[in-house]
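Record features (TrEMBL):
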- 12: active site, tele-phosphohistidine intermediate (ACT_SITE)
- 85: active site, proton donor/acceptor (ACT_SITE)
- 11, 12, 13, 14, 15, 16, 17, 18, 61: substrate binding site (BINDING)
């Protein structure tokens, strides 16, 4: 791909709410000790990469992850709300099991919808749909790709964002809990128009198109 930007898009480390099995959304549960270790391992995997710019979700767990990833590189971290996790609205902080039990009929209804309908579907009015998430994410990625051609970017975001991006690109991500691991990442190329996945780490697919 000519004049492509390279993105390493990383999920944050484990948080307290990850352990408790709660919907995090825009909540700011801190990283655990294990979460710090998760990211130190990723730092080792990516230490040979010369990043030109660093971007992060403005949520605490993502910012802390970005700081750990570039602690030796001394790069400025640019934060943006465009990389945030899905807003779960009134469901934020709710136990995932409780959420599923309370919304069993609506979740079953969503499963029967077409992909286009499902991506616009919301379980609550103040909750973000898949369509809203991918639109804000693509705005960000395309702008950065056009602004920084042939540069390498580190981006820290969230599991839901990574899953929706991969599904948008034609991948079928296993929806089971833990299938986008803390510290998982995607290596992605883009010229601002097209996107090409070069590498996946810590992500389990139902079927890989590669």
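The backbone N, Cα and C atoms fix where each Cβ goes, and this holds for glycine too.
Nobody curates TrEMBL annotations by hand; they come from automatic prediction.
Compute the center of the Cβ atoms of 11, 12, 13, 14, 15, 16, 17, 18, 61, which mark the site for substrate; besides them, the chain residues with Cβ within 8 Å of that center are 24, 29, 30, 31, 32, 35, 182.
Packing around the residue listed as 'active site, proton donor/acceptor' is summarised by its Cβ count: 24 other Cβ atoms lie within 10 angstroms of its Cβ, all protein chains included. The Cβ of residue 61 (substrate binding site) has 29 neighbouring Cβ atoms from other residues within 10 Å, across all protein chains displayed. The Cβ of residue 15 (substrate binding site) has 24 other Cβ atoms within 10 Å, all protein chains considered. The DSSP secondary structure for residue 17 (substrate binding site) is helix.
The 10 Å shell around the Cβ of residue 12 (active site, tele-phosphohistidine intermediate) contains 31 further Cβ atoms across the protein chains shown. Other C-beta atoms found within 10 angstroms of the C-beta of residue 17 (substrate binding site) number 21, with every protein chain shown included.
Within the same chain, residues at least 6 positions away in sequence whose Cβ sits under 8 Å from that of residue 11 (substrate binding site) are 156, 157, 158, 159, 162, 180, 181, 182, 183, 184, 185, 202.
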